[in-house]
Amino acid sequence: MHGCCLLGAAAAAQNSREVILLDSKAQQTELEWISSPSTGWEEISGLDENYTPIRTYQVCQVMESNQNNWLRTNWIEKGDAQRIFVELKFTLRDCNSLPGVVGTCKETFNLYYQETDAEVGRNIRESQYVKIDTIAADESFTQGDLGERKMKLNTELRIIGPLSRRGFYLAFQDVGACIALVSVKVYYKKCWSIIENLATFPDTVTGSEFSSLVEVEGTCVSDAEEEADNSPKMHCSAEGEWLVPIGKCICKAGFHQKGDACEPCGRGFYKSSSQDLQCSRCPAHSYNDREGSWRCDCEDGYYRALSDPPAVTCTRPPSAPQNLVYNINQTTVSLEWSSPADNGGRNDVTYRIMCRRCGWEPEECLPCGGNVGYLPAQSGLVDAYVTITDLLAHANYTFEVEAVNGVSDLSRTQRLFASVSIATSQAAPSQVSELIKEKVQQRSVQLSWQEPEQPNGVITEYEIKYYEKVSHRIYSTVKSKSTSATVNNLKPSTAYVFQIRAFTAAGYGTFGPRLEVTTKEEPSGTAEQNPVIIIAVVAVAGTIILVFMVFGFIIGRRYALAVKFPGTKTYIDPETYEDPNRAVHQFAKELDASCIKIERVIGAGEFGEVCSGRLKLPGKRDVPVAIKTLKVGYTEKQRRDFLCEASIMGQFDHPNVVHLEGVVTRGEFPGVRTARFTSPSSITQTSSLFSGKPVMIVIEYMENGSLDAFLRKHDGQFTVIQLVGMLRGIAAGMRYLSDMGYVHRDLAARNILVNSNLVCKVSDFGLSRVIDDDPEAVYTTTGGKIPVRWTATEAIQYRKFTSSSDVWSYGIVMWEVMSYGERPYWDMSNQDVIKAIEEGYRLPAPMDCPPGLHQLMLDCWQKDRADRPKFDQIVGILDKMIRNPNTLKTPLGTCTRPISPLLDQNTPDFATFRSVGDWLEAIKMERYNDNFTATGYSSLESVARMTIEDVMSLGITLVGHQKKIMSSIQTMRAQMLHLHGTGVQV
Ligand code: AMP
């Protein structure tokens with residue numbers, strides 16, 4: 001048997017998988033197969049078992065021997081088939097039932113085929129046929145059967161292949177049997193197109209072998225895609241059955257499987273990935289209004305972070321952190337807060353800090369920059385606290401704490417943050433970075449240095465420590481108030497190591513870098529070897545100093561101008577110079593006008609404009625300066641008076657006294673002729689700048705101008721420590737001036753200047769005539785003009801101006817500072833002030849003023865000047881307060897020193913007001929009428945009992961208005977007490 005195998009009848013093919021090439025039963029007309037010899041096979045019409053007409057071939061030459069009857073089918077084109085099934089149905093007569101056929105009758109026949117590419121002729125050449133099999137009947141029938149037409153039908157199936165030609169013939173060889181070929185069916189098998197696992201597999205012809213499986217690639221149905229690395233395949237078996245599916249297709253994102261197809265997800269549903277089986281409903285705060293979506297869009301105000309899968313809820317930025325509290329320790333601020341009320345629906349909330357350094361105006365804030373440190377970090381903070389270090393001392397900062405989550409940066413809505421504005425307090429000064437040896441002797445070394453880059457306050461002292469380099473002999477220290485010092489009593493030819501640190505009210509800074517200096521060799525035979533000489537020298541020097549001191553003291557008392565103590569500079573009255581020009585040039589440096597660049601006008605002085613500009617001295621950096629000018633057409637006396645201030649100022653050198661850079665008195669002003677010096681157009685042509693003979697006083701620039709205006713501008717914005725720091729500076733400046741024997745006579749906040757670091761410096765120097773220029777000064781009965789409100793009683797009464805009368809004025813400055821520039825004694829007349837003071841009344845404590853400070857003011861206003869503290873003591877007291885800030889704590893509004901009934905005829909008489917409304921109108925605060933009535937303050941008596949908290953609780957938020965109302969209430973209260981005869985004397 002070639003290429004075929006036998007299958008039992010039970011394995012009959014299932015029709016659905018068959019492609020029929022020939023079915024003799026289906027043909028109604030004659031089959032017209034070739035029969036050879038023609039006496040053999042005979043075509044006969046008959047009926048099948050269902051009585052359907054069929055065409056059959058029969059032969060029954062059983063009686064004769066050597067039969068060889070061939071029957072050949074028509075040519076069968078095989079198409080795609082490789083493996084052909086041949087199903088034969090036939091009946092066969094049992095030889096035993098035939099009499100007399102023994103030896104000739106057969107019970108089998110043979111089946112052949114011949115492959116060809118086309119039809120061939122009608123001749124049958126046996127040799128060209130290939131035998132498929134000898135077919136025997138399973139059942140044969142007998143005569144009786146035939147008579148009853150109960151033919152026993154045999155079905156045999158044979159398979160041929162693989163076939164290689166286009167077609168073939170089948171042939172049946174009868175060798176002497178009695179056969180009826182009832183039907184011949186020829187077919188092959190196919191696996192029919194199928195959709196399996198969302199892949200379409202096309203019609204596939206089975207393989208040529210019984211065992212072969214044909215591998216077929218599937219194609220994904222629409223909106224489906226192959227699963228990664230798992231493309232769909234199936235195997236078509238020889239039986240036309242699909243077997244062994246491998247891999248699959250899956251519905252794309254946005255589609256889900258329904259039967260053998262992918263359908264889009266409906267509206268409000270999404271499927272983000274082909275891996276997901278089902279469409280899901282849009283998560284919270286998201287939506288979609290299209291079909292077939294792979295994700296849903298977030299509602300307005302909600303977002304999805306890049307890393308958020310489409311399945312998670314849309315979220316939003318968190319709300320602001322809550323309960324932000326801070327703690328300041330010098331220049332370190334720690335912030336703590338609690339988590340936001342709404343985390344936006346996420347659990348990845350972190351915090352970030354925004355630091356801005358502010359000027360005194362809110363719009364003057366700038367980012368802090370990289371010098372500030374954040375612990376543990378500036379952003380990405382998981383815990384609700386941070387420590388911010390390396391801030392500047394005495395500076396205003398605003399910190400914003402923002403809670404952020406994964407969608408904060410996507411949100412276009414306004415940032416929400418908690419913020420605090422903080423003023424840093426004092427910090428020790430930074431290092432003195434460079435120490436220079438100016439002069440090295442055998443036994444002394446002169447050193448100089450620059451102020452540290454961040455003084456963080458007023459440097460009152462430097463400390464130089466030194467030791468012998470080799471022996472490391474015990475440290476010694478030397479102190480200096482200026483930026484140079486001479487260290488004496490050193491050993492000759494010895495290497496010393498020097499270090500320096502600065503001191504402010506906040507304490508010592510750290511020591512700067514070491515400087516090594518070796519003292520000079522001592523020439524032989526010097527005093528060191530001769531103690532007798534030393535003793536003699538010391539004795540002579542001591543005598544000279546003693547004589548000098550005694551002489552100086554006598555002269556000093558009489559003329560108030562000579563040396564007080566050796567080594568301590570004393571102020572010299574320029575009026576004592578016959579030639580005032582000499583005085584100027586003794587104390588003030590003559591500057592070349594070409595070094596000065598005027599930029600703008602900043603104020604008006606008695607003698608001309610005050611401008612700001614820059615001074616560039618050869619070999620030095622240019623510095624900002626204030627330039628006081630003398631107006632054009634000045635008289636010689638005016639020139640002298642103008643320059644007198646420079647002669648005085650030039651004698652002073654203290655961080656709390658305004659520093660004179662120099663004067664311009666000589667020569668022509670280059671800018672008049674050349675373009676090198678550009679004067680701003682705002683300078684009036686009446687200035688001496690345009691006279692060709694300019695006269696100028698150049699002073700260090702004080703960015704914040706005069707203290708009174710500065711405080712009024714920043715009402716309520718400073719901490720008590722900051723205010724006390726300012727007062728400490730003024731007191732230190734005054735201590736210096738009084739130590740030099742200079743009496744200011746016009747100490748007032750308007751005559752104090754403030755720089756950008758909040759350092760206050762005493763200014764406005766002159767002789768008595770300066771007071772004449774003071775708009776506050778009025779003529780008194782004792783002659784001359786006096787700024788009454790600032791002046792001590794004895795100075796008003798008999799012009800006794802001393803450092804003690806300056807102390808009185810200092811007390812008034814304290815009051816001005818603590819009340820943010822309030823006018824002393826408000827709108828009382830000068831006469832009433834004098835009278836009230838005479839009667840023993842004193843200014844009450846300003847709002848929020850620590851009692852200790854008010855006590856110090858009262859001490860400054862002691863009637864007997866000997867009872868007043870000295871500036872030295874004042875500095876000491878303030879230093880103590882600064883070091884122990886607890887002593888400065890005053891609960892808000894509780895600073896209720898007894899109120900002095902400082903009455904004045906011009907003060908509103910509260911008895912004349914009929915209602916609270918009348919009173920508010922009189923103090924121009926009628927806008928708050930409703931606030932008072934709504935909270936039940938309907939009578940003036942109830943108003944008079946109000947505290948600052950009560951006023952604030954009415955919803956009056958402006959500090960200026962709170963103060964105005966409180967101040968009037970205090971006066972009202974005083975007047976009521978007075979009316980009832982219970983005025984309190986302080
Ligand atoms: P004076 O003639 O000294 O009273 O100065 C008049 C005004 O000019 C003052 O009130 C200040 O506003 C301003 N001024 C004076 N000196 C300076 C200075 N050194 N720095 C800044 N502003 C100054």
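Using N, Cα and C of the backbone, Cβ positions are placed for all residues, glycine too.
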Legend entry - Second cysteine of the disulfide that TrEMBL assigns to C178, among C60, C296, C298: C60
Inset, instruction - May I ask you to find which of K569, K589, K628, K637 TrEMBL records for the ATP site already listed with I602, G603, A604, G605, E606, F607, G608, E609, V610? - result: K628
Legend entry - Disulphide pairing with C105 per TrEMBL - partner from C95, C191: C95
Legend entry - A604 (ATP binding site) - helix vs strand vs coil (DSSP): strand
Legend entry - DSSP-derived helix, strand and coil totals, residue by residue, for the domain 'Fibronectin type-III' (428-522): 0 helix, 44 strand, 51 coil
Legend entry - Taking residues I602, G603, A604, G605, E606, F607, G608, E609, V610, K628, which bind ATP in the record, the widest Cα spacing (Å, whole number): 14
Inset, instruction - Filter the candidate list C60, G608, V610 of recorded positions, keeping only entries whose CB is under 6 Å from an atom of ligand 1. - result: V610
Legend entry - Least buried by Cβ count (within 10 Å) of the recorded positions E606, D746: E606
Inset, instruction - Work through the recorded positions one by one (C60, C178, I602, E606, D746) and name whichever has its CA nearest to the CA of C95 (disulfide bond). - result: C178
Inset, instruction - Rank 18-196, 596-882, 911-975 by Cβ pairs under 8 Å to the domain 'Fibronectin type-III' (317-427) and hand me the top one. - result: 596-882
Legend entry - Spatial neighbours, same chain, of A604 (ATP binding site) - Cβ under 8 Å, 6+ residues apart: V610
Inset, instruction - With I602 (ATP binding site) as the reference Cα, tell me which of the recorded positions C60, C105, C178, D746 is the closest one. - result: D746
